[in-house]
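Now, the feature entries from Swiss-Prot:
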- N8, E383: Mg(2+) binding site (BINDING)
- K15, H206, V207, G208, N209, G210, D283, M284, R285, G331, M332, G333, E334, N335: ATP binding site (BINDING)
- R89: substrate binding site (BINDING)
- D146: active site, proton donor/acceptor (ACT_SITE)
- H178: site 'Transition state stabilizer' (SITE)
- R239: site 'Transition state stabilizer' (SITE)
Amino acid sequence: MSKTIAINAGSSSLKWQLYEMPEEKVVAKGIIERIGLKDSISTVKFDDKKDEQILDIVDHTQAVKILLEDLTKHGIIKDFNEITGVGHRVVAGGEYFKESALVDDKVVEQVEELSALAPLHNPAAAAGIRAFREILPDITSVCVFDTAFHTTMQPHTYLYPIPQKYYTDYKVRKYGAHGTSHQYVAQEAAKQLGRPLEELKLITAHVGNGVSITANYHGQSIDTSMGFTPLAGPMMGTRSGDIDPAIIPYLVANDSELEDAAAVVNMLNKQSGLLGVSGTSSDMRDIEAGLQSKDPNAVLAYNVFIDRIKKFIGQYLAVLNGADAIIFTAGMGENAPLMRQDVIAGLSWFGIELDPEKNVFGYFGDITKPDSKVKVLVIPTDEELMIARDVERLKAK
């Protein structure tokens with residue numbers, strides 16, 4: 001029985017999940033946080049147990065060593081040979097990767113080369129890949145790209161209306177993100193609806209700290225809200241989403257704290273969205289508490305958030321010429337029934353009727369009334385499982 005580990009490396013973290021394959025059984029999972037900082041934290045969960053230790057972990061290579069030591073220390077594996085595959089989540093695959101890829105030196109170089117498209121994510125992914133290759137050089141190593149699912153978009157969708165030389169010379173175009181999540185929940189939606197994915201029109205809404213909406217036609221992404229980078233689209237936890245680009249030079253010229261375009265983009269990525277408008281938090285739970293206390297900034301942040309998501313869903317209903325189902329997933333999508341209710345309330349013209357008894361915290365599946373023309377589903381995402389499946393698929397080749 002082989003084991004496959006799915007890795008999601010951040011700039012100072014390494015999240016992992018160990019599977020028995022092909023049974024798709026989760027054996028253990030964990031996260032290593034504060035890599036490169038004092039008092040790093042390694043957390044392992046297995047057999048209804050939880051182990052946490054405080055260490056000083058200087059880099060991703062040491063983090064991988066700690067991870068593997070934890071697996072043997074707790075008896076989760078007897079030796080490293082039980083792990084036959086590792087899959088790495090990579091945010092940006094650019095135009096190099098239309099599907100998951102077996103790792104070699106060239107693939108690692110290309111992942112690093114694409115760091116400009118995902119500066120917070122790709123360098124960390126490359127560090128995680130290099131660490132596993134150094135410690136376990138003989139296992140099957142696979143990169144799974146967030147952008148790959150969106151490579152089915154057509155030029156009229158992914159090109160920006162700017163001179164084409166910026167695409168031909170610099171590959172400036174829409175790439176999208178969260179593709180692994182969008183693909184997974186679309187597949188699960190088809191199962192729940194009892195229909196082939198190849199005949200469905202779906203709108204998938206990944207609503208977490210990052211937010212992206214995708215139009216899925218017969219199993220393929222035909223449009224998505226994130227763009228050249230994951231900054232585009234609806235309002236997010238700390239990201240602005242779409243804004244007028246002329247705002248950037250205007251702020252550089254008028255605000256002494258924003259010295260250049262990079263400073264503005266940093267502000268748009270890390271200090272905007274729910275956090276920026278509310279002035280207090282990027283967490284929807286805090287925003288909803290502000291609604292209860294009638295905090296005007298929380299009310300405004302919430303209303304902007306709902307408005308932006310609603311507009312993208314409406315846009316994709318037009319692109320698809322209607323939809324069979326709308327799927328909510330990720331942190332807020334799965335756990336914020338008020339948000340779902342208020343987004344769908346503005347779409348009742350399309351014949352969508354929520355069932356208030358089903359649209360509650362902790363309920364998954366169809367949350368509409370039986371006669372709703374468009375179904376609304378809440379489906380927990382599982383990007384790690386998709387990564388493990390791709391490792392198994394490529395191992396078999």
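Here the Cβ of each residue, glycine as well, is placed from N, Cα and C on the backbone.
Annotated features taken from Swiss-Prot, shown on the structure.
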residue	record	DSSP (3 states)
N8	Mg(2+) binding site	strand
K15	ATP binding site	strand
R89	substrate binding site	strand
D146	active site, proton donor/acceptor	coil
H178	site 'Transition state stabilizer'	coil
V207	ATP binding site	strand
R239	site 'Transition state stabilizer'	coil
R285	ATP binding site	helix
E334	ATP binding site	helix
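With respect to Cβ neighbours within 10 Å, the recorded positions K15, R89, H178, R239, R285 differ, and R285 shows the lowest count. When the CA atoms are compared, the recorded positions lying within 10 A of N209 (ATP binding site) are R239, out of the candidates N8, R89, D146, H178, R239, E383. Cα distances from M332 (ATP binding site) to the recorded positions N8, R89, D146, H178 are smallest for H178. Put simply, N8 (Mg(2+) binding site) is 5 Å from the residue listed as 'substrate binding site' when counted between their Cα atoms.
Cα-Cα distance from N8 (Mg(2+) binding site) to K15 (ATP binding site): 5 Å (rounded to the nearest whole number). The 10 Å shell around the Cβ of E383 (Mg(2+) binding site) contains 22 further Cβ atoms across the protein chains shown. Counting every protein chain shown, the Cβ of D146 (active site, proton donor/acceptor) has 25 other Cβ atoms within 10 Å. The CA atom of E334 (ATP binding site) is located 14 Å away from the CA atom of E383 (Mg(2+) binding site). Cα to Cα, V207 (ATP binding site) and E383 (Mg(2+) binding site) are separated by 14 Å. Looking only at the binding-site residues N8, N209, the densest Cβ neighbourhood within 10 Å occurs at N8. If you measure from the Cα atom of the residue listed as 'active site, proton donor/acceptor' to that of R239 (site 'Transition state stabilizer'), you get 18 Å. Cα-Cα distance from H178 (site 'Transition state stabilizer') to R239 (site 'Transition state stabilizer'): 15 Å (rounded to the nearest whole number).
Taking only the Cα positions, the spacing between K15 (ATP binding site) and R239 (site 'Transition state stabilizer') is 22 angstrom. Geometry remark: D283 (ATP binding site) versus R239 (site 'Transition state stabilizer'), CA distance 12 Å.
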